[in-house]
Amino acid sequence: MNFFPWLTIIVILPIFAGSIILFLPHRGNRVIRWYTICICILELLLTTYAFCYHFQLDDPLIQLVEDFKWIDFFDFHWRLGIDGLSIGPILLTGFITTLATLAAWPVTRDSRLFHFLMLAMYSGQIGLFASRDLLLFFIMWELELIPVYLLLSMWGGKKRLYSATKFILYTAGGSVFLLMGVLGVGLYGSTEPTLNFATLVNQSYPVALEIILYIGFFIAFAVKSPIIPLHTWLPDTHGEAHYSTCMLLAGILLKMGAYGLIRINMELLSHAHSIFSPWLVIVGTIQIIYAASTSLGQRNLKKRIAYSSVSHMGFILIGIGSINDTGLNGAILQIVSHGFIGAALFFLAGTSYDRIRLVYLDEMGGIAIPMPKIFTMFSSFSMASLALPGMSGFVAEFIVFFGIITSQKYLLISKLGITFVMAIGIILTPIYSLSMLRQMFYGYKLFNAPNSYVFDSGPRELFVSIAIFIPVIGIGMYPDFVLSLSVDKVEVLLSNFVYR
């Protein structure tokens, strides 16, 4: 067994290294940028090395386990560990955060604080995916709130204070339910409270209590995911945030909610999950149609992409609700796939805004010829979003489809109805995606727009776009690269629903 604290180093390195930024020269923007990027690259290399040489793919148990006693009073430990469910989101976090710091290169105002907040988010995100203690999970969950609030309120658009306040109210409200659920699970059934995931997996609860706990956790995760009707903070937040912040929100933050649903609601509260899974499938199906229809009516480019993210989260809900190894693996693949695609679309939307200073689609048009590189990359990621075969979005959605069809939990007529409605949502996706492309890149409006600086993508922006596009194509061509990480863990997780 390896006793080197790889995960502790990976979790604390960004925030501790980021704190040094606050002592760097105030006017050394270039130094701050390169320092932050180097820290992110070092973190990503450490993570990749630890996983490649110390993680066994065929072992579904928790690996790289670290357990340090923190507070004796209620058995609170610094417990970290990874399995096939968490390794994908951790690698996604490292990859997207590294590219987001490169995307934030134009930020010059208060750049020390900006880059420190990005690194603080990095630690919180990896800490959440690696935590094996419920209270530590909650602490890492809360660690996201202040950095995102400050990034929104200080580097956002004209309505940044409104969107930041709305974000903090929604997420803090959801955190209350998460804390109540953590305390309820930790304090039940024992004279000595325990918050250890390994112990809680085998804990049984009265049906009524388990349902109450499940609902509490679900509300908390539904805000972050987001799940309708708790999604209204997302379009406002994306509409005002800097595009590097949007990359972190769409690529990682939303996936934390989906991860929580699998890790806590599904793994710890399996009996309640089997009761509520049909409702998850129904809500996910409605979400696909509703968000796709709403996206089509959005004038604001970033809000249209935000609603497309809400729509794609519906597939994750359906996969989680299928209680089927195929469907759940599809949901995990969709978490990774949409992390790449959503981050790329917001990055390209932000770079386009930097040039034309327009955000409303009906004011755009005609930028395909002067900006062919941005047009090509935006079109490519739009195709990935609408699930074009050969790209990651198609594989993830197809596996979720197959999972719900082959699920033994639902009647044939129910499965046919669900797949029919899902198919309608998939038809709506190219409608809003292609109309967005048409309004942005075709026509002649832009040539008459004042104060427009129409020049194509530079090397930095092209590098970020291509770096995200490579895994989108790679997963589309060879999805087993991601599925091999989770398949054994999913099989063990679903065994709870067979024997319980």
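Each Cβ is built from the backbone N, Cα and C atoms, and glycine gets one as well.
Taken straight from Swiss-Prot:
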type: TRANSMEM; residues: 3-23; note: transmembrane segment
type: TRANSMEM; residues: 37-57; note: transmembrane segment
type: TRANSMEM; residues: 87-107; note: transmembrane segment
type: TRANSMEM; residues: 113-130; note: transmembrane segment
type: TRANSMEM; residues: 134-154; note: transmembrane segment
type: TRANSMEM; residues: 167-187; note: transmembrane segment
type: TRANSMEM; residues: 272-292; note: transmembrane segment
type: TRANSMEM; residues: 305-325; note: transmembrane segment
type: TRANSMEM; residues: 330-350; note: transmembrane segment
type: TRANSMEM; residues: 364-384; note: transmembrane segment
type: TRANSMEM; residues: 386-406; note: transmembrane segment
type: TRANSMEM; residues: 411-431; note: transmembrane segment
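For the transmembrane segment (134-154), same-chain residues at least 6 beyond its ends with a Cβ under 8 Å from one of its own Cβ atoms are 76-80, 110, 113-114, 117-118, 120-121, 123-125, 127-128, 160-161, 163-164, 167-168, 171-172, 175, 178-179, 182, 185-186, 195-197, 200, 237, 240-242, 245, 248-249, 253, 256, 260, 264. The stretches the transmembrane segment (87-107) and the transmembrane segment (3-23) are not in mutual contact, being linked by fewer than three Cβ pairs under 8 Å (pairs 6 or more apart in sequence). Counting same-chain residues at least six beyond the ends of the transmembrane segment (113-130), those with a Cβ under 8 angstroms from any Cβ of the stretch are 7, 10-15, 17-19, 21-22, 32-33, 35-36, 39-40, 43, 47, 80-82, 86, 89-90, 93-94, 97, 100-101, 104, 107, 136-137, 139-141, 143-144, 147-148, 150-151, 154-155, 244, 248, 252-253, 256, 259. Sequence-distant contacts of the transmembrane segment (330-350) (same chain, at least 6 residues past either end, Cβ-Cβ under 8 Å): 85, 88-89, 92, 96, 99-100, 103, 238, 242-244, 246-252, 254-255, 258-259, 262, 301-302, 305, 308-309, 312-313, 315-320, 374, 377-378, 381-382, 384-385, 392-393, 395-403, 461, 464-465, 468-469, 471-472, 475, 479, 482-483, 486, 490. Taking Cβ pairs closer than 8 Å, the transmembrane segment (411-431) reaches residues 278, 281, 285, 288-289, 292-293, 296, 308, 311, 314-315, 318, 385-387, 397, 401, 404-405 in its own chain, all 6 or more past its ends.
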